[in-house]
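Student: So that we are looking at the same thing, I have put the structure below in structure tokens.
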Amino acid sequence: MGAEIPFRESFYLGLPSDFYKAAQPSPPPAPHWVVFNERLARELGLPQDADTPELLNLLSGGAPPNGSSNVALAYSGHQFGVWNPLMGDGRAVIVGEVAAPDGHVYDIHLKGSGPTPFARRGDGRATLSAMLREYLVSEAMAGLKIPTTRSLAVAATGAPVFRDGARPGAVLTRVARSHIRVGTFQYAAGRDATEELGPVRVQALADAAIRRHEPDLAQAEQPYLEFYRAVVARQAGLIAQWMLVGFIHGVMNSDNMAISGETIDFGPCAFMDSFNMRQVYSSIDAAGRYAYKNQPSIAQWNLARLAESLLPLFHNDEATALRLAQEALATFPSLYAQNLAAGLTRKLGLRPGDPDNEQVIALLWKTLGETRADFTNFFVRLTEMAEGLDVAPDETWAPFMEPWRAALGKNDKTEALAAMRVSNPRIIPRNHRVEQALAAANEGNLKPFHRLCAALQNPFERAPGNADLQAPPKPEEVVHETFCGT
């Protein structure tokens, strides 16, 4: 198959022109493939032959494809609670979109492809390590069935990137349902506020988002309010899914929350080893704003910022608009709690709707908090015990075990095991394994990276050959801090 990708013009070009700036990727001097995601290419209906110079040139930023748009997007946002009125894609370009066989349309986005008008003093480049991290973790999230942006390819540029010394440079091809962020709406509202024409940009953006993500709402009596409710519901489900696998995003700024409900921008993200409600890995989150336990409340805070931007579309009367927004936002805690409880019910193999489940789940959190058990392997052990394997629980789990076994016994065994086996991953991107794979890749050895990627495609499968990838870190392997690595 040839390298031609059926790009069509990006829908962002239908927005007012201050939502984006024209931007051309900077051709790399000596590009070569590091990894190409043939499985994702098939899902998107794209060329799967990565061995053509044309496709390499295209996805490394060397040549604009036919039908491409080549724009960098503007957005604002709250970064660690501090307002930043103008950020934007300083090192990334959307080169178009593709209509996939699944009926959805996806942005194709080159990250690390050179400076854009939003780069300020940045070089617009990205390190190989940072791009491989996003590739690995985003594809791991896809394997875990958690909504996420995807990674189609990483191409090395052949040029160094200077951070704390010279590092290999690379370009990531990100695939997303869209790149509309809470921060994009904040940007639109801020621009509208400088004029007296009403919410022109906010409405244009909301209309585009509805067409893209919620087309059935276009004819609703209150389409913008229903759109907001849909975003709230998607985020409630997404954050619950993060919590169920111990995922800590690390930088939940409002510009890093996607309207699509996809996980986006992986920077200093990490997966929890030993359980700790207050776990923080990000080196830039010294105050723990984005700690594991805070993720639901931060998501709701970001959604409040979205409501502020959409307020003029909810109702002409400001007081009525505010009431409608508050009512919609107030559904988040219960939606999140429902999603979390349903997920824990599956992870524990419990019978849905059993009144004893609440007590068992409360004991679960208490036991995890007191024992600091390995979060992932705790549930793997429970699954193996439910299967009848000769696996003994840790002695410190005793207060939890009897109530759990009693509740488990109320459920049909086949149904319980089916739920547990698809809810409790055996393989996650453990932080020490990720760091080991990236360190090897920087030295030119991609075998650990490819092995980890392959294992993460099927995280729920029992694979004896991957037992080392399932094991918690040794004391000397524990990763205490993660970095954006930009």
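Note that Cβ sites are derived from N, Cα and C of the backbone, with glycine treated the same way.
Copied straight from TrEMBL:
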BINDING   GLY88, GLY90, ARG91, LYS111, ASP123, GLY124, ARG174, ARG181, ASP265  ATP binding site
ACT_SITE  ASP255  active site, proton acceptor
BINDING   ASN256, ASP265  Mg(2+) binding site
Student: Could you state the whole-number distance in Å separating the C-alpha atoms of ARG91 (ATP binding site) and ASP255 (active site, proton acceptor)?
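Tutor: Rounded to the nearest whole number, the Cα-Cα distance is 15 Å.
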Student: Determine, to the nearest whole angstrom, how far the Cα atom of ASP265 (ATP binding site) is from the Cα atom of ASP255 (active site, proton acceptor).
Tutor: 9
Student: Within 10 Å of the Cβ of ARG174 (ATP binding site), how many other Cβ atoms are there?
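Tutor: Taking all protein chains shown, ARG174 (ATP binding site) has 24 Cβ neighbours within 10 Å.
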Student: Between GLY88 (ATP binding site) and ASN256 (Mg(2+) binding site), what is the CA-CA distance rounded to a whole number of Å?
Tutor: 11
Student: What is the one among the binding-site residues ASP123, ASP265 whose Cβ has the most other Cβ atoms less than or equal to 10 Å away?
Tutor: ASP265
Student: Determine the Cβ neighbour count for ASN256 (Mg(2+) binding site): the number of other Cβ atoms within 10 Å of its Cβ.
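Tutor: There are 21 such Cβ atoms around ASN256 (Mg(2+) binding site).
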Student: Any idea what the Cα distance is from ASN256 (Mg(2+) binding site) over to ASP123 (ATP binding site), rounded to a whole Å?
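Tutor: ASP123 (ATP binding site) has its Cα 21 Å from the Cα of ASN256 (Mg(2+) binding site).
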Student: Between ASP255 (active site, proton acceptor) and ARG174 (ATP binding site), how far is it from one CA atom to the other, in Å?
Tutor: 17
Student: According to DSSP, which kind of secondary structure is ARG174 (ATP binding site) found in, if we only use helix, strand and coil?
Tutor: strand
Student: Other than its own, how many Cβ atoms are within 10 Å of the Cβ belonging to the residue listed as 'active site, proton acceptor'?
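Tutor: Taking all protein chains shown, the residue listed as 'active site, proton acceptor' has 24 Cβ neighbours within 10 Å.
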